[in-house]
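Taken verbatim from TrEMBL:
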| type | residues | note |
| --- | --- | --- |
| DOMAIN | 53-312 | domain 'G-protein coupled receptors family 1 profile' |
| TRANSMEM | 41-63 | transmembrane segment |
| TRANSMEM | 75-95 | transmembrane segment |
| TRANSMEM | 115-134 | transmembrane segment |
| TRANSMEM | 155-177 | transmembrane segment |
| TRANSMEM | 197-226 | transmembrane segment |
| TRANSMEM | 247-265 | transmembrane segment |
| TRANSMEM | 294-315 | transmembrane segment |
| TRANSMEM | 336-360 | transmembrane segment |
Amino acid sequence: MPIYDYGYDLDNATDNESYESIENLNCSDLSLHGSNIYLPVMYYLIFFTGFWGNLFVISVVASKGKRSGRLVDTFVINLAVADLVFVLTLPLWAITASQNNYWDFGQANNLLCKLSSYIISVNRFSNIFFLTCMSVDRYLAIVKMMDSRYLRSSWCIRITCAVLWVTSLVLGIPSLVCREIMPFNDGQTCQDNSSTFFPIMNLVMALLTFVFPMLIIVLCYGTIILHLNRHCVAAGNPRAQARRRHSLKMVFCIIMAFVVSWLPFNTFKSIMIVSQLAKIEFTCNTFIWLSNGLTISCCLAFFNSCVNPAIYFFLDNHFRRRAQVLSRWFDTHSDLLTLVQPLFTVPTLMFFLMGADLLIR
């Protein structure tokens, strides 16, 4: 059974020449018991909570306008857009997981395989890039407050976000090119081809898009903590200082959620890639443990796309106030909600997903 790997592949290991030693292990089952049941449930749960949560974040932040908005909100809305687009691919993976990883979507098979994998890769890159920029923004706002007016201008941040999107789209191209439909038992599965270049590139990407950004984030927050300890009684506007500290806490929680979600996956993934390149021979129990760990950690990484809205709501008073204003607006326009509400119920969405699955077969 192939391993879910969030856009990168060590799937169908026995079909890859680099895993000949694993093939000789004759492991009876590499999959977690009941994964064809709990994985689809988890994916649909993440899909619904992530879809509505990130749509809610976009609505709240977009309703603020230029005057009441904060610079950090530019990164917040871009994160929400990236997560919203990502969760739209989860029904495909949920259907595949329920079918024991058989990728069967008719004539759109190869297109959906490439496109969904590409979106997942772009989401991963864009998330860490935006989080890194949020950390740098907090550093500039607190440590270099008087020297960063140019860098923290609204137009400069928008240009930065545009550059990050372009960079993420470019870095995701290998998944778009290398991901394809491959034979698997009596059916087909969506996985990367067996090119030896791809594992090396995956390891380099992990260093450049996870380890290096995390070093920048740690450096920024370490400097911020030292600065705050030296200036316990902050000069200037106390209200502005309180807002900066509050934004710092929110950004820190978002980053910690990302680390908790992604660190296990990157750890298991790196072990698998290094062992593949070094041709390390595992025992059957060790390889099953790594495979199951990669599956579970991948599911944990998926959860990151739906936790940020909860962080904004519970930790950001400014966001919560704007949400209340938006809620009151909806209350005064309840007649419009009555017309569109049937279109956004869970049964309706499930019917739409099932119908779409039938149409593309």
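Glycine too: its Cβ is placed from the backbone N, Cα and C atoms.
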- Sequence gap of 6 or more, Cβ distance under 8 Å, 3 or more pairs: do the transmembrane segment (294-315) and the transmembrane segment (197-226) meet that? no
- Query: Does the transmembrane segment (197-226) reach the transmembrane segment (75-95), going by 3 or more CB pairs under 8 Å (6 or more apart in sequence)?
  - Reply: no
- Note on the structure: Tertiary contacts of the transmembrane segment (247-265), defined by C-beta under 8 angstroms and 6+ residue spacing from its ends, are 6, 70, 72, 79, 124, 127-128, 131, 134-135, 137-138, 141-142, 210, 214, 217, 221, 224, 293-294, 296-298, 300-301, 303-304, 307-308, 311-312, 315-316
- Message: With Cβ-Cβ distances below 8 Å as the criterion, list the same-chain residues six or more beyond the ends of the transmembrane segment (75-95) that contact it, or say none.
- Response: 4, 39-40, 43-44, 46-47, 50-51, 54-55, 57-58, 61-62, 105, 112, 115-116, 119-120, 122-123, 126-127, 130-131, 133-134, 137, 157, 161, 164-165, 254, 302, 304-306, 308-309, 312, 353, 357
- Take every residue in the domain 'G-protein coupled receptors family 1 profile' (53-312), average their pLDDT values, and give the whole-number result. 84
- If one takes Cβ-Cβ under 8 Å and requires six or more residues beyond its ends, the residues near the transmembrane segment (115-134) are 6-8, 72, 75, 78-79, 82-83, 85-86, 88-89, 92-93, 160-161, 164-165, 167-169, 171-176, 179, 190, 209-210, 213, 216-217, 251, 254-255, 258, 262, 304-305
